[in-house]
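Enquirer: Attaching a single structure in structure tokens format; questions to follow.
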Amino acid sequence: MSSKETCRTELRAAVRHLSDRGLYSASKWAAEQLMGIEQDPSKHTPSHTRFQRGSSSIRRRFRTAGAAESSATPSGGVSYVSTPSMVGPEEYDYDPIDSDFYLLAKSYFDCREYRRAAHVLRDQTGKKAVFLRCYALYLAGEKRKEEEMIELEGPLGKSDAVNRELVSLERELSTLRKNGTIDPFGLYIYGLVLKEKGNENLARSVLVESVNIYPWNWSAWSELQTLCTTIEALNSLNINNHWMKDFFLASAYQELRMHNESLAKYEYLQGTFTFSNYIQAQIAKAQYNLREFEQVEVIFEELLRNDPYRIEDMDMYSNVLYAKECFSALSYLAHRVFLTDKYRPESCCIVGNYYSLKGQHEKSVMYFRRALKLNKNYLSAWTLMGHEYVEMKNTSAAVDAYRRAVDINPCDYRAWYGLGQAYEMMGMPFYALHYFKKSVFLQPNDSRLWIAMAQCFETEQLHMLEEAIKCYKRAVNCNDREAIALHQLAKLHCELGQTEEAAFYYKKDLERMEAEEREGPNMVEALMFLAQHCKTQKKFDEAEVYCTRLLDYTGPEKETAKSLLRGIRYARDVVEHFPP
């Protein structure tokens, strides 16, 4: 990792260059990381360090063991290639010949008049002007494509509309690349165009070329990440050794569900970017995928204290509050983001979650649809809307929403799981099993998915009890928090006449219920089975203990326990008087 001062200098220059080219998301990301580098208190007044106060407590609390020793070398084996081609950010200042035309074009660009901007630069040959012209044409094509989609199919319909500028842009940028007259920003646009046209291999190569020359463009890294859908694709990249690569690998590992590797990378990066809110949010995302909801909640509470008007990633926080049924906290969060910016997809999803928790599913769907009108490819909204349709028993609409989600991201296990649930509701267990298998392949450590698959095997149409037992065992090994798997394992073994195995799982279930201080019909069932089993096995003392506990209940089990106790005492007398 480079020194803090080096990173700071590079990021300051990158913020200017990216912003000057209209790459605002990348510029914002770079500025946030710049503020995440700890300032030297001896060199700065308190007003310069106030943004960084309060963030260190998260870092202390959730530091991963061994993170400090983590090196910049990726565990996935992505090779480092040192080349002299990477230049400093200062190389990308104004081209004086183009500057006046560029200033006018950039003004039009900032006003979203993309074709006017491109027209102003039509005869300019400087690399910076060529980039802005191509970028403006690309965005103009995207804007027109969105308009055509709405005109043809409505805001949420499917459409065959395409960006009509892609062909001419590909032709021009390909020629510039062959002639060696393209800069890394032009390569970024070329990579975008190739990705849109489905030429993923060449797009990967072009984007790698772009980030190797200019590594501070986070937008280029993000596009490259979407093209690395397997660890093999990630390992095949030849990327220069630069600290930005560690950010890329941490994010890529997260998308590839390598959450522990991702956490280790982010902990390593925190050594330099101690106060980065982005890193804190990504750590929370990894913990969320590992279902460590308590830790996620603490991180997001601290993030909101440091950045009270933040909306990015807050929909994930709302999912945690929803899962924990924190009505007041979710209500407060929904009110807060609604006042900050109610026309953001994240805000709409948070409000949708709030109404879902209140049981107002129609209103919840309305907000998820609003989120999708703002961003048609917002994955969470499609998945959450599918969940709402399942609650409303509208299975056809649920299936459509989940299918749209997997079209956007085939690695979204929640959408595959939702499809399985929908087909299960329709009484089609073979289809449901197919989708549950897809979800469990993507998220093998989630006990809920194994339980859903086991219940599918238990259905009357399949009745594959041995397969169900295997799934429930996997659920137990995946820390089944709902305590469903142990009880079901006991019942299935009992149904198959495997009484020893049934007794083993009933005991384990009983121990867990006692540890969690839970009462209920499952405890009665476990005590009843164990009392009868121990009596059959002539373990009279143990059977008597279980029967005595059953006497504390008031239902028919109390009379059954009394009858068992009489049988146990009689059997014990027989054994004492007539030993074998």
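From the backbone N, Cα and C atoms, a Cβ is placed for every residue, glycine too.
As the structure is a computational prediction, the values presented were derived from the model and not from experiment.
Copied straight from TrEMBL:
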type   : residues : note
DOMAIN : 7-284    : domain 'Cdc23'
REGION : 38-57    : region 'Disordered'
REPEAT : 345-378  : repeat 'TPR'
REPEAT : 379-412  : repeat 'TPR'
REPEAT : 413-446  : repeat 'TPR'
Enquirer: On the DSSP side of things, how many residues of the repeat 'TPR' (413-446) fall into helix, strand and coil, could you say?
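Expert: Summed over the repeat 'TPR' (413-446), the classes give 27 helix, 0 strand, 7 coil.
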Enquirer: Near the repeat 'TPR' (379-412), which residues from the same chain, at least 6 beyond its ends, have a CB less than 8 A from one of its CBs?
Expert: 229, 255, 257, 315, 319, 345, 348-349, 352-353, 356, 361-362, 364-365, 368-369, 371-372, 418-419, 421-423, 425-426, 442
Enquirer: When secondary structure is assigned with DSSP, how many helix, strand and coil residues does the repeat 'TPR' (379-412) contain?
Expert: 27 helix, 0 strand, 7 coil
Enquirer: Restricting to the repeat 'TPR' (413-446), what is the model's mean pLDDT?
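Expert: Averaged over the repeat 'TPR' (413-446), per-residue pLDDT gives 92.
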Enquirer: What does DSSP give as the helix, strand and coil breakdown of the repeat 'TPR' (345-378)?
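Expert: Each residue of the repeat 'TPR' (345-378) counted once, the result is 27 helix, 0 strand, 7 coil.
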